[in-house]
Structures are given as structure tokens and as C-alpha cells.
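Q: Straight from TrEMBL, here's the annotation block:
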type     : residues                : note
REGION   : 1-33                    : region 'Disordered'
COMPBIAS : 1-16                    : compositional bias 'Low complexity'
REGION   : 60-149                  : region 'Disordered'
COMPBIAS : 79-90                   : compositional bias 'Low complexity'
COMPBIAS : 133-146                 : compositional bias 'Gly residues'
BINDING  : 320, 326, 327, 356, 548 : UDP-alpha-D-glucose binding site
ACT_SITE : 356                     : active site
BINDING  : 549, 573                : Mn(2+) binding site
REGION   : 674-693                 : region 'Disordered'
ACT_SITE : 781                     : active site
TRANSMEM : 851-874                 : transmembrane segment
TRANSMEM : 886-907                 : transmembrane segment
TRANSMEM : 984-1006                : transmembrane segment
TRANSMEM : 1012-1030               : transmembrane segment
TRANSMEM : 1042-1062               : transmembrane segment
């Protein structure tokens, strides 16, 4: 702490027989460290960083009392002379007349509290005796206060031997605190509030609290003990691959050049593919957030926020669904309930559901969900429920009363469980209720039409039958504007009006607390508000390309900009619910931290429930989500994977980040700041394109003809900025700027929101080209993220301790392969489009470019993989191998490549946190998917590029098999698909080849066992990877379907006949191989 006397003065007033007292000026930070303010040396005697003599130097506050004033003359108890104190006080006031306790400069010059100059004097406890004949009290004129001061500073006058610890000889600081009634502060001892001196006293802990700027996130690097060997092994394996391929090229097999040629081409491609996959993994990182710091910054009372309201920006959450038959409304309703109960300021949260099918079943299920949310959301807040998806919460196997302390929890839980069961029954009964209602209304309509026709016909019933359209009716007796159960004009899929229904209004800005009889439960002191929720179904008409999910998301972007305009957007699939109620705050820590204005989105990992324990088909996909994505976070950020992503709205609009870098050179080694591009006119756009060199770097201009939407863009950009609470925060907003309450919705606003979801709104605009989700690909998610990275934005991968979101994944083999087919088809489309990473802008980092290049190339590996899987069988059929002989060089190269791959996998498992079983399941499904779905995706992509045949994909089913006894019943359902043909053919051919190879070797005159073992080893390698596929074909009882036997027989007969025709038995060769035998008869 700053002292009011200098070390020189203190030393000069010391006793003659004692060493000079060491004074140090210091302060303690909030982290516990001591920061020195002295000019001579650092302070190292405090806290856990001190030496064995703790508390050698400490600071004591000298309150301003009548006998201790800056201008008072020093008496016998003065620490320094009056003239010295006066001169120092005047200098202090001259240089810093209005210094504050929090300012760094105030510590060196003194501090002003309430207009009075106070003194912080660093004292050495070894110099506990009087120095210069002075104590801590001050000069004369003190009266009673002087005596009180003397008592407070009695450690100066107390015999030193009484205050020294008996054994160590150190100053007894605890005894001093007891005698003086001192209290610990932050690095100092201060006077308690009951002993105030003067009118401007009342000093408390808050006067000495040091509140430095705290970052909201921190980066945690992977330990060098893991990462350094990992990078070294990558280099070693790369060298081994180059040497092996060089040896393979230089040593062909003259006996089977065709076999050698196919193998060497495949091996070169595999090495290239491995490099593309491995290079972006060289810099994996981890991240952590500080939720306490986020709450302190945005939700605590301050000068700019006196009432402590939330200063966090708003979030709009999008949930997409398309077909209630494949995506059950109960699953969607549970997702909505988890969103409405999220731990985020209620007035800052808005939820939207996009029903692209326009189904009345989804509409009424959402209405039931909002009604149930009025009791479910306060229940979650009252008892801190996790997870806040009611179906998942009531299905947990652990003790629900763990860490629950309120006495009425059991009663509340029993009541809410009964309410949820009734809610499920109502949802399950909705189809019958709606159909029954429609039949009643249609019957009534027919009666009215007959009556009207009879009146028009003069009271005689017409002979012609009366046809009345079988409409779908809402509960209020009006026609449903969406799709009907019996399709009709303007009421069928692809042809219906736009629908927007705000089901829960904009909540009040202030909390609304419940009362004891709030629907049976006691919600006293619990905020019973729920966030705004809106049902949206965009208009669809024939002749318009509605662009599937990407078009639905863009419609939600426009509608939400009109209604709530949250600067951040979180999109979720209907089966992905919020598992961690604090997930939104975790993501907001990155967006609101220093440098957060450059982040376009926060991608959360996808976690799944309902997966079989063995994860037969690698549904968890942990290698990708915990390995590849974590590694990309160390570059420019992870790719966007379609769900669980928190977007910056301004970045979705196609704008550039406030700051970006450009990379040049062969490997992007030259880095320079990118020039900002201002808004250009249409005449200047062509010139700007020449300057920027890439179309993605031009600014978007064609947003549509809604002025209300255009005006919302600047508001969203400003509200999405981080808090400007530190000099290092660039492009920030002032604190307290988001405290104003949201205005209620009026009819004009809702009408404008309906207009922007019309099918014609995107005509002659840049929606889908530069703005919003990008059109033209089945995997619109990857392309959308790629465009943002191409403009210089960066993304963040947020792995939370408790999973942020959880969803479902198809565990059936057929559904899983169709899902992989869709992803691979989108990657092929990316490769043949302008979104190819070869055409990326200079703002994309080199390794990030490699990662995106691998996204478009990996399906083509299937061509070489299929060929390589047939090579062992061809080797066994022909009696030749890919090398002439299994010599030592080949085996050593093969061994070195295999060992380095295994070591790399172990280290990757170490830094990614996945299990060895997950790694092996991923390897197995890589071969299964590569020989089936990836190959089909390449063929479909080539057909689309060459012949223009459009690609259609199957919606992944969210419903399981109807078996209540087994939750994994869908795992054993066998659904035949053409994707099974190639993997099944590979299995059968390799099995037949093993049998024929053994027969050939056993019955040959000179058996060549080395070639047999080489072929058999690689055949078993193929079959081991195909084992999950074989189990999937066997079903629950392990019985092979009849079609598998039929296909196996056909393939076996075909292969045998083909081989006999190609290589028929040669009797001459067999006779020549026999030794000559001369038989002498007679």
C-alpha cells in the first residue's frame, strides 16, 4: 500500500542501535498476488508466494483523525516530523487532487477517501518499536480520540518480547489483531465500521476491493508432453510413407503388373488423404469459460446499471421440423420446453419453430407445450432442475432428490410428473382429436351446402351430388391455412399460405413472482415468466424453389429480425434439446469477451442419447467431434455442422468482421491485416471486385424491400458488440446500453413479419447467395460456415463440462447409411462448386483451407477403398501378391507405418479424450460407409454435374421401432437398401477367395505359403472391419436374411465361373510339372 512517508525519512528516524526498517509499497490483487509499487524491489513476503517469514511486511490504514491529519504537527507518537508529513501531503494533493482508490497512480501518491487524505503506511513488524520517538498516534490535541488511537496502535508501544512468538521469534500478528480489533482486508488491515473517525469515515471492505478486468474465457493448450511427440510422430510417419511409396514404385511385381499397378495407385491416394486429414490436427486446444465473471459484468448493480438488470444481448432460438410423422410432435415439444426453461434472462430470450410442412398437428402440439410450460418453467427455476427436458428428466436413473433441499420438492415433483403424463396423453391423442373435429365440421358443412342447394332449387333436393372439400379445421372453427389431411388447392405440401402465431407474448422487463396457490404449486419468490414463443410456417407456392431447410432458416431469420431481433441466433434440430441450462451463457462468454466481435459462431459438440452401448455404427462420432473439431479450434475455428450452433446475426447477413487478416505465400506464411471494405455503389462494385479478388469479400446490399428489416441490421450489429469495459476491448458498446425494455408487439409488426416469410420475398435479392444460409447444397451447413470463414471471421468450439445439447441419432444400419449418404453427397457438391477450398479467399488460413479441401475430397476415397478391398481376393484368386516376394524391406516398411499409426492414434486418444473402443468403431464404420454411402454419393454427384440429375435425400427418422420392451429395437430392424450391395459383395468375394486360396496352395505341387498368408491377412483385415455390417444383416436373432443367402450364392457362382473362364486348368502344365519316369517292361 502507498505510504504517506518515504523510506528515507523512516530510516533516518530509526533507533541508533537497530538496522533501518524496510518499507515496501504494495497492493494485493484479487487473485492473491502482491504487486509492488516500490522503486527498489518487489514484494515477495505475502501470501503463498512468501518465504518462511510470513507477513514480514504488511500495510495498516491510518484513519484521518483529529490527531492524525496530513498537516498535523508530529508529537511523541508521530511516525515522522510534522514538516515532512505536511510537505508530502501537499505534494500528494498537488499531483493527484482527485485520485481514486482503484487507479494505479493513486497507490504511489496516496489516496483520497471522502475528501480527506488518508495514509497507508507500510510497516515492518521487526521494527515494532518507536521510530524517531514516534508511534502511530500523532501529535497533540487528540483528547479521547488520541487515547483511542494509542490503544489501536498499541503494537508500537507494547514490549517486543510480548509480541514475538516464543519459538520462531517472529512478530505475533494474530495477537496484534486481537489487541487492536483489526480486520483483514485485501492485502491490508483496516478499521471496522463501528470505529469511525470524523464525519467522512465509514470505510468498508468495498473501499479496498481491487476489481481488475477479468476475461470471460481462457485458452488451455494441450500439454507439450502429449502434443510434441504427436507432431514428431506425424513427421516420422510422413517420412516413412514417402520411403515406402518410393520403394513400392521402384520394386514392381513383374508377374502381376496389373495387381501392382492398382495397389500402388490406391496407396498413393491413401497417403494423400491421410495428409489432408492429419495436417489440420497439429494444433488442438481446449477452452474454458468464467460464468461468474459474466454475471458480475452484465447482471450486477453498477453505476451504469443501478438496479442490476441484465445487460446481456438477446438470443433468438430456431427449431426446425418438417414432417410430424417422422419427427414426432412429443419430441419437438420437449425440445421447446427445454428452451423455454433455459437459464438466461427471460426478456432477452425468444424461441421460434419452423414447421416446413405446415401441419396442424405440430401447431396444436406447440400450443399444448406452451400451456404446460407455464408450470414446468417455474418448477425448474424453483428447484434448479437439470436437464430441463421433462421426458429426459423423468427418465434419469439417479436419485432425483440429490442436492435438493427445499422441503416441498417431493410434493412438487410428484404433482408435475402427473401433469406431464397428462400432457403426453394429450399430445398422443391430438391426431384423433383433430380428425374427429374435422369430420364433425365437414359433416356440418355438407348439411349446410345441401340446405343451401335445396333452397336455391325451390325446395327440391338437387339430383347432382354435392361435393364439399374435406377441410382441416382449427379448434376455433376456422379452416387451417396450412396443409390439410386431404390435400386441396392452397392447402397441400408445397402450396399453402404463410402462418405466424405468437403463442406466448413478449415477457415483462421486470420479474413477475408467483404466489402460494399458483396452479397448486407454491411459486412464491419464483419468476413465473416464460420467453416469447412463435410458430412460423413460411408460404409455399408452386413454381418457387423453396430450398429445403436453408430456405426455412432464412425465413426465420427475417421473421425474428422483425419480432425480436436478437443479435445472436441459436439453431437446433427438433430432436436436440438443451441438456445444460447454462449452455447459452457459456456461448455468450466467448461472444462478449475481448475479441468476441470477430467470432461468427460458437459450435457446440453433438451428443446423442439412445445409442446402443457398443455403438455398433459409430453414431456418437466422437473422433470427429472431440478430435477433428477440437483441432480446428486451434486454427480458424470448427466447421458448422447443422445444429447446436450460436450465430452472430450480423455475420449471417454476409458482412465482414471488423478486423481480419490476409495470408499469402505457398503455405500462408505471410500475414497482414486486411483492408476494410466500405459500402460501394453498384457502379463501383465491379472495381471493388477487382480489388478484393474474391466475390465473398463484397458487401451484401439486396436484403429485400422491407424497410423494417433493413433498419434492424444496424441495431443487431450494435447490440452484438462486447462490453467496452477495458481499453483493450475494440469495437465495444457502452455498459448499460441494453437495459431498455422490449416494446410489445403490435399488429403492424406482426403483419410485416408475415410479409417477409412470403415465397416471393427473396426474388431479386441475395438471400441464399451471400446472405443467410447458403443455397445449392444438401449440406447447407458446411457451405454457410465456409463462406463466413472465407470473409475472415473465426469460429469457436465450446465443449462444456456438462453436455450443452443432446439429441437422437439413427441406430438402424439403413438409416445410418442414408444419413452418411446425405453428408457425403453434400461434400461432392461442394467439390464441384465455387465453394471448393481451392477457390478460397486469402483470408482463409492455410491449414483451414486444407481442412475444407478434405471436406470436399474425402468421398472420392471410396473409389480407391473399394478397389483395395478387392485386392486381397484378387491376390488369392491369381496366386500372386502386390509385391513379388514378402521380403524384409516390405515387412519393415509395413511394420513402421503400422506402429506409427497406432502410436499416433493413442496420442490422439490422449489429447481428445476419446476411448480406444470409439476409435476402433470409427475405423470400422469408415470402411463400411466408404464402400457403400460414399461411393453412391460420388456417383450421384457425378450424375448431377454431368447429366444435371438432381439429388434427393431421405429425411432422417426421429422415431424408433414400436417395441416398448427394448429401447434398442430399431438396431435389429433390417431394411434392405441398394447401399448394401457393395459391402456384401466385398465380404462374399473375400470369403470365397480365402477358401479358393487355401485349396490352390494345398493342392499345388510347390505351395507358395508366403503369398497365401499375405492375401489371407489382408482379407481378414477387410472382414474385421466389416463385422458390424455383418451383425446388422443378421438382425436380432442372429439369422441371416434370405436375400443375403441368395446374393451370396449368386456372387459365388459368378466369381467361380468368371475365374474358370479367365484362367482355365492347364493339363499340359500339370503334366510338365511331373518328373519323367522310365518304365522298362521286359
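Here, residue 1 is simply the first one shown, and the rest follow in order.
Glycine residues also receive a Cβ, built from the backbone N, Cα and C atoms like all the rest.
Note that TrEMBL annotation is computational and uncurated.
Since we're looking at a predicted model, the values are computed, not measured.
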Q: Do you know offhand how many angstrom separate residue 327 (UDP-alpha-D-glucose binding site) and residue 573 (Mn(2+) binding site) by C-alpha?
A: 10
Q: How many other Cβ atoms sit within 10 Å of the Cβ of residue 781 (active site)?
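A: For residue 781 (active site), the 10 Å Cβ neighbour count is 24.
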Q: At the level of the C-alpha atoms, what whole-angstrom distance separates residue 356 (UDP-alpha-D-glucose binding site) and residue 781 (active site)?
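A: Residue 356 (UDP-alpha-D-glucose binding site) to residue 781 (active site), Cα-Cα distance: 17 Å.
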Q: Run through the Cβ atoms and count how many others sit within 10 Å of the one on residue 573 (Mn(2+) binding site).
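A: Around the Cβ of residue 573 (Mn(2+) binding site), 24 other Cβ atoms lie within 10 Å.
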Q: Which recorded positions from the set 549, 573, 781 come within 10 angstroms of residue 320 (UDP-alpha-D-glucose binding site), judged by C-alpha positions?
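A: The recorded positions passing the 10 Å Cα test are 549, 573.
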Q: Which one is it: of the binding-site residues 326, 548, 549, which Cβ has the fewest other Cβ atoms within 10 Å in this structure?
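A: Relative to the other binding-site residues in 326, 548, 549, 326 has the fewest Cβ atoms within 10 Å.
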Q: Across all chains shown, how many C-beta atoms besides its own are within 10 angstroms of the C-beta of residue 327 (UDP-alpha-D-glucose binding site)?
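A: Step by step: centre on the Cβ of residue 327 (UDP-alpha-D-glucose binding site), count other Cβ atoms within 10 Å, giving 23.
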Q: I'm trying to understand the geometry here, so how far is the Cα atom of residue 781 (active site) from the Cα atom of residue 549 (Mn(2+) binding site), in Å to the nearest whole number?
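A: Residue 549 (Mn(2+) binding site) has its Cα 10 Å from the Cα of residue 781 (active site).
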Q: Give the number of CB atoms, excluding that of residue 356 (UDP-alpha-D-glucose binding site) itself, located within 10 Å of its CB.
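A: Result for residue 356 (UDP-alpha-D-glucose binding site): 22 neighbouring Cβ atoms inside 10 Å.
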Q: Fill in the CA-CA distance, residue 573 (Mn(2+) binding site) to residue 548 (UDP-alpha-D-glucose binding site), as an integer in Å.
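A: A Cα-Cα distance of 14 Å.
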Q: How many neighbouring Cβ atoms, not counting its own, are there within 10 Å of the Cβ of residue 320 (UDP-alpha-D-glucose binding site)?
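A: A count of 21.
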Q: Would you mind reading off the Cα separation of residue 549 (Mn(2+) binding site) from residue 326 (UDP-alpha-D-glucose binding site), to the nearest angstrom?
A: 15
Q: The record lists 320, 326, 327, 356, 548 as binding UDP-alpha-D-glucose. What's the largest Cα to Cα distance among them, in Å, rounded to a whole number?
A: 16
